[in-house]
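Worksheet: the structure to be examined is printed underneath.
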């Protein structure tokens, strides 16, 4: 599957320090300590709707990791999946009387456009679940052969992983059984299904159902893969076990990341699947988490379609720490637009306040668990000093400072300050007219959203996709 174009990444003087991030599995901030090539897997979208700000915030957080690693001198092998076959996709296609393949292709293309506009560094491997099905089938057959999986005895052909045979189950999320059962039921699991050996056993393969797409599966049975084995397979086939960071939204801690690890560790008889589990928080609106079922999503493409500079969207989302749940408001976007204009005025001058202290400070803050609000505050201070004609400590103006700062903000924060970066906003005619006030700070009308899922439809978490 095609990724998206990579933005140019300026080269900065020197190299940054080692990155430290919060590891969910250990409950503390840890050194990532990658080798020459850092390896990261981030769960991607289920392409049945446009990219909303919850998606964007997640991918911006892991884009910072990518940038910080590169600044520290590492090559980065970044992998992202696309869950291009799943219940929500099929339900949306059925509701809209649309071919599910066409729907997935269209929304994936729009996601690529949004990521390009937001200047997110693309993954080296961008892999769809459908193209991975032959390898998924082989892995399910391996688990069956080892006695780690079983076929449900009800004629459906459904296959489950026996988590009682998985030592260390629960170690990634650190949840107790009651919490796992709660989230499993809420997030696509089936703890009450008759015939399962344990309520928490996850589905590896769904037997063929009338009206659903299917592929040849284990033992020749038709069907389609379960959610978690898709990511386990793609990760194993691209970057292998023990990679540096498994990323996604906080709603993927359990069940998705727990089960992906269980599958991979069972297949390889080794641990760990990932050395650190990093999770981004949720973006809310009017006091509630954005979700498709609530109908309160704000879409990146809608903002862009109304002429909003993608760099302002990026700045607005990075103004909060990635692990802090936060709200999207019209004021937040307005503040980001003002900040962006101020920074651009400062770097357009012939001289500026000294750049070296700012570069050191940016690196220190971003390598300290991606402290983007602290990094932004430093650029604010530099811009204020530059526009005032000198630094706060009495230092003089430097001719090269505006260029160095522009490069640093671009390379580390991903915010391009030159005028050529303003082309990511869509012409309003391309996305259905002018931006209304609800799109800037609130929910979109139903015609722009395409509607919410029926209340009875299974909804995967939307903080990241997976």
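Yeah, the Cβs are placed from backbone N, Cα and C, and that goes for glycine too.
Curation plays no part in TrEMBL annotations; they are all automatic predictions.
Annotated features in TrEMBL:
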{"type": "BINDING", "residues": "43, 44, 45, 46, 58, 81, 82, 83, 227, 249, 250, 251, 283", "note": "L-cysteinyl-5'-AMP binding site"}
{"type": "BINDING", "residues": "43, 231, 256", "note": "Zn(2+) binding site"}
{"type": "COMPBIAS", "residues": "186-199", "note": "compositional bias 'Basic and acidic residues'"}
{"type": "COMPBIAS", "residues": "456-466", "note": "compositional bias 'Basic and acidic residues'"}
{"type": "DOMAIN", "residues": "36-336", "note": "domain 'tRNA synthetases class I catalytic'"}
{"type": "REGION", "residues": "186-221", "note": "region 'Disordered'"}
{"type": "REGION", "residues": "422-466", "note": "region 'Disordered'"}
{"type": "MOTIF", "residues": "45-55", "note": "motif ''HIGH' region'"}
{"type": "MOTIF", "residues": "186-191", "note": "motif ''ERGGDP' region'"}
{"type": "MOTIF", "residues": "289-293", "note": "motif ''KMSKS' region'"}
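Positions of the features from TrEMBL, shown on the structure.
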| residue | record | CB count, 10 Å |
| --- | --- | --- |
| 43 | L-cysteinyl-5'-AMP binding site | 29 |
| 45 | L-cysteinyl-5'-AMP binding site | 27 |
| 58 | L-cysteinyl-5'-AMP binding site | 31 |
| 82 | L-cysteinyl-5'-AMP binding site | 25 |
| 227 | L-cysteinyl-5'-AMP binding site | 26 |
| 231 | Zn(2+) binding site | 31 |
| 250 | L-cysteinyl-5'-AMP binding site | 17 |
| 256 | Zn(2+) binding site | 28 |
| 283 | L-cysteinyl-5'-AMP binding site | 25 |
The region 'Disordered' (186-221): which same-chain residues, six or more beyond its ends, come within Cβ distance under 8 Å? 85, 87, 90, 94, 100, 133, 137, 140-141, 143-144, 149-150, 152-154, 156-164, 169, 177, 180, 227-229, 251, 254-256, 259, 262-263, 458, 460-461
Just report the maximum Cα pair distance in Å for the recorded L-cysteinyl-5'-AMP binders 43, 44, 45, 46, 58, 81, 82, 83, 227, 249, 250, 251, 283, no decimals. 24
From 45, 58, 250, 283: binding-site residues whose CA lies within 10 A of residue 231 (Zn(2+) binding site): none
Mind checking how the motif ''HIGH' region' (45-55) divides into helix, strand and coil residues in DSSP? 3 helix, 1 strand, 7 coil
Which of the binding-site residues 43, 58, 283 has its Cα closest in space to the Cα of residue 256 (Zn(2+) binding site)? 43
For the domain 'tRNA synthetases class I catalytic' (36-336), mean pLDDT (0 to 100): 96
